[in-house]
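Pulled from Swiss-Prot:
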BINDING   10, 11, 12, 25, 69  substrate binding site
BINDING   29, 33, 36  [4Fe-4S] cluster binding site
BINDING   38  Mg(2+) binding site
BINDING   71  S-adenosyl-L-methionine binding site
DOMAIN    16-221  domain 'Radical SAM core'
C-alpha cells in the first residue's frame, strides 16, 4: 500500500475522541474538498508491504485503537481489506474514516466505519453513494463537516430523511476549519461558529453529537502527526 504516515496520538474526532490511537494514513484521494486539511496526502508517500505496516503499528502499541484514514483509504481497498482483517484478528479496535464515495460493502463487519458525508460548501456535495447506507451497521458513525447555515440545513435534512439516528451509533456535526488556519488554538479558525452550530442543533432538537476537532485545540491547526 502507498502510505503517507503512521503515528500515534489522541483521537481528535468521532465518539472515540480523546483515546490514544494509532493512525495509518494512506496516500491519494479522489475528492478535492474546499477546506481539506490533508492535501499533503494527495501524492507521494511510500510503498509499504502489509508486514511492514503491521510491524510499525505493533511497534507503536501492541493493542488498542487504530484508525485507517487518508486521503481516501478505500482507493486501496484490495490490499487494505485483508490488512484490516489482520488488525482485528490481532486484537486491535479498528476504525476507518471514508467519504462514502467508494463502496463500503467489503469493509469487514468488525471495523467501525466513520463516514464523512460531504456538505455542499465542500465542493463535493453529492459524492456520497446513497447505497452505502445499506452497508452501515449500528456501531458505525456518520459525520458532517459544516461550513455555514446551508451546510447545516443539508446535514439536518439528510439526517432526518434517512433516519440516521436509528441507523448508526453517532451522527456528528462538526464545524469546518479554515484551510489557512495557523498558530492559535481556538474556535476563531472555524468557518461556522461552534456556538451557532450548537444553538441550531438545540433549536431543532436533533439527536446528534456536536464534534470539535480536539487535536486542533490541543496542538495548532497546522500541526501534522497529531
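In case you wondered, yes, glycine gets a Cβ from its N, Cα and C as well.
Locations of recorded Swiss-Prot features on the structure.
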| residue | record | contacts (Cβ under 8 Å, 6+ apart) |
| --- | --- | --- |
| 11 | substrate binding site | 17, 18, 19, 20, 21, 65, 67 |
| 25 | substrate binding site | 3, 4, 5, 6, 38, 41, 69, 70, 71 |
| 29 | [4Fe-4S] cluster binding site | 36, 38, 41, 42, 70, 71, 72, 75 |
| 33 | [4Fe-4S] cluster binding site | 118, 122, 123, 124, 145 |
On a simple 10 Å Cβ count over all chains shown, which one of the binding-site residues 12, 71 is most densely packed? 71
Around the [4Fe-4S] cluster site formed by 29, 33, 36, which additional residues qualify by having Cβ within 8 Å of the site's Cβ center? 31, 32, 38, 39, 42, 122, 124
Taking DSSP three-state, what's residue 25 (substrate binding site) in: helix, strand or coil? strand
Near residue 38 (Mg(2+) binding site), how many other Cβ atoms are within 10 Å of its Cβ? 15
I'd like the Cβ neighbour count for residue 36 ([4Fe-4S] cluster binding site), meaning other Cβ atoms within 10 Å of its Cβ, all protein chains included. 18
Neighbour count (Cβ, 10 Å) for residue 69 (substrate binding site): 20
Model confidence over the domain 'Radical SAM core' (16-221), as mean pLDDT, sits at 92
